[in-house]
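A.B. asks: Just passing along the structure, written as structure tokens.
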């Protein structure tokens with residue numbers, strides 16, 4: 001690797017890149033913590049001189065954010081658990097068990113990846129409506145728990161495990177479920193964490209589906225609640241809106257900081273080896 | 001789909017069968033079949049009901065004229081397709097979708113590769129900056145869109161504060177039909193180039209070093225080696241990113257919904273927005289289904305092309 005521009009210039013660019021990606025987040029956090037009066041001063045105060053939590057209580061008053069938070073948390077936890085369980089069980093079956101037409105069935109599972117989610121909105125809405133699931137957790141969660149990509153990742157991983165270990169478990173008389181729980185899963189921990197984190201991020205951020213299957217305030221999720229807060233506040237109260245936005249972002253930002261390498265690992269693995 | 005060609009490992013039971021009797025063997029096999037069905041059924045059922053069935057359901061609805069209130073849909077044949085495909089408004093929607101997708105694909109490939117090359121230099125702190133640039137990718141699109149609405153705000157936005165000292169006046173981005181679409185593109189790029197950069201970086205680090213070193217010894221400059229060696233070797237990754245970005249951008253929704261709602265006028269009405277608009281605001285199930293089928297066919301072609309090309313030249317590592 002020789003010169004690609006000079007080194008000092010590269011550092012200037014590197015710092016510039018960091019600034020471009022950090023500035024909006026900094027502006028979000030500082031605005032959420034500013035006194036309403038400070039937000040509308042011009043030129044703006046780059047540093048909030050009088051920190052306040054007032055915007056959060058205003059956001060809480062403008063919309064039932066506690067309820068949104070609860071809904072998002074329930075959907076993320078239950079949805080992720082169900083989807084990952086589906087992925088693990090399906091992947092185990094396809095990796096270790098015999099079944100007629102196994103290849104065809106596996107193609108059917110993976111084929112789901114090629115169905116664009118946006119295309120399924122209307123029919124899935126009608127299906128959920130006909131089941132009486134509008135404004136219910138079932139309607140929010142069930143359509144999303146089918147798993148193709150996560151199944152693919154898990155099965156790929158299972159196939160890399162040494163067969164001696166599962167063979168030994170079978171010789172010792174362990175049934176399949178015990179082998180899966182006691183032998184295969186503990187050996188797959190990094191991949192399991194990756195799949196859990198990627199799924200949880202998706203569930204938390206999901207927007208269009210909760211938007212169309214809920215229409216009462218008590219069943220909204222955080223991202224949808226944010227849209228409603230924004231529309232109701234009419235872009236006049238930026239402090240309130242930024243406080244609400246921070247509530248939506250903060251949990252995922254924290255998970256990202258903790259589990260960053262799993263997310264990055266899973267994504268590059270899916271992209272480069274898929 | 002390379003995954004399908006992987007060997008399916010045989011179960012140790014299969015090897016022990018020789019010793020056991022015929023009947024015992026059959027019973028064991030039946031038990032295995034039953035377990036397989038049990039493990040796979042929930043997943044397959046949900047996939048069938050919420051991924052495959054919707055395509056058939058859409059195909060059916062697209063042949064009807066249903067307002068989602070009437071008790072039953074009326075069959076209208078291919079009228080929806082004829083109406084939509086000859087509708088100038090649809091042509092504009094398609095054009096906006098293509099421009100939007102083209103700008104985002106071009107922007108994320110070029111900027112993503114540039115970032116990856118930067119992150120591949122032996123610089124202190126590059127890992128931290130790489131992580132920072134990737135973070136927006138995992139953040140809620142609705143929240144990211146809200147932040148950028150404030151940044152673009154013509155009265156109190158960050159962007160105005162940054163360019164006003166230079167004597168420039170920013171446009172009223174989201175209320176200006178010339179600036180709304182470019183504004184959305186900026187937001188999507190900010191959210192997603194970190195992802196593209198990450199994939200490119202992984203690709204760069206997987207490149208064989210000897211070729212590059214040999215070329216350097218032969219006196220090839222940085223630019224020549226980039227153009228003649230790295231870029232061609234990265235072609236499969238570029239292609240992968242091209243396809244996934246096209247598929248993702250076609251379905252982009254949350255940022256549009258929060259920032260413009262398809263407007264002003266129809267300036268940011270993409271195919272994905274008009275599916276939502278027809279289905280859930282105008283309650284034209286027939287038209288929404290037809291638009292869905294059109295999007296499905298377009299993305300199916302894109303995917304098929306990918307499968308063809310990938311089959312011919314898979315050499316990631």
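Every residue gets a Cβ built from N, Cα and C, even glycine.
According to TrEMBL, the protein carries these features:
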type	residues	note
TRANSMEM	A:12-29	transmembrane segment
DOMAIN	A:69-259	domain 'ABC transmembrane type-1'
TRANSMEM	A:74-97	transmembrane segment
TRANSMEM	A:104-126	transmembrane segment
TRANSMEM	A:132-153	transmembrane segment
TRANSMEM	A:183-201	transmembrane segment
TRANSMEM	A:235-259	transmembrane segment
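In terms of burial and nearby residues, how do these features look in this structure?
C.D. replies: Sequence-distant contacts of the transmembrane segment (A:12-29), counting only residues of its own chain at least 6 positions beyond either end whose CB sits under 8 Å from a CB of the stretch, comprise 5, 242, 245-246, 249.
Remote same-chain partners of the transmembrane segment (A:74-97), defined as residues 6 or more beyond its termini with a Cβ less than 8 Å from a stretch Cβ, comprise 105-106, 109, 137, 140-141, 144-147, 150-155, 157-159, 166, 176, 179-180, 184-185, 192, 195-196, 199-200, 203-204, 206, 210, 221.
Only residues 6 or more beyond the boundaries of the transmembrane segment (A:104-126), in the same chain, are considered here, and those with a CB under 8 A from a CB of the stretch are 90, 94, 143, 146, 148-149, 151-152, 208-209, 212-213.
For the transmembrane segment (A:132-153), the list of distant contacts is 71, 74-75, 78-79, 82-84, 86-87, 90-91, 94, 109-113, 124, 191, 194-195, 198-199, 203, 206, 209-210, 213-216, 219, 221, 266, 269-270, 274: same-chain residues at least six beyond its ends, Cβ to Cβ under 8 Å.
Under 8 Å from some Cβ of the transmembrane segment (A:235-259) lie the Cβ atoms of residues 28-29, 31-32, 34-36, 39, 54-56, 58-59, 62-63, 65, 69, 193, 197, 200-201, 204-205, 222-223, 225-226, 229, all in the same chain and six or more residues away from its ends.
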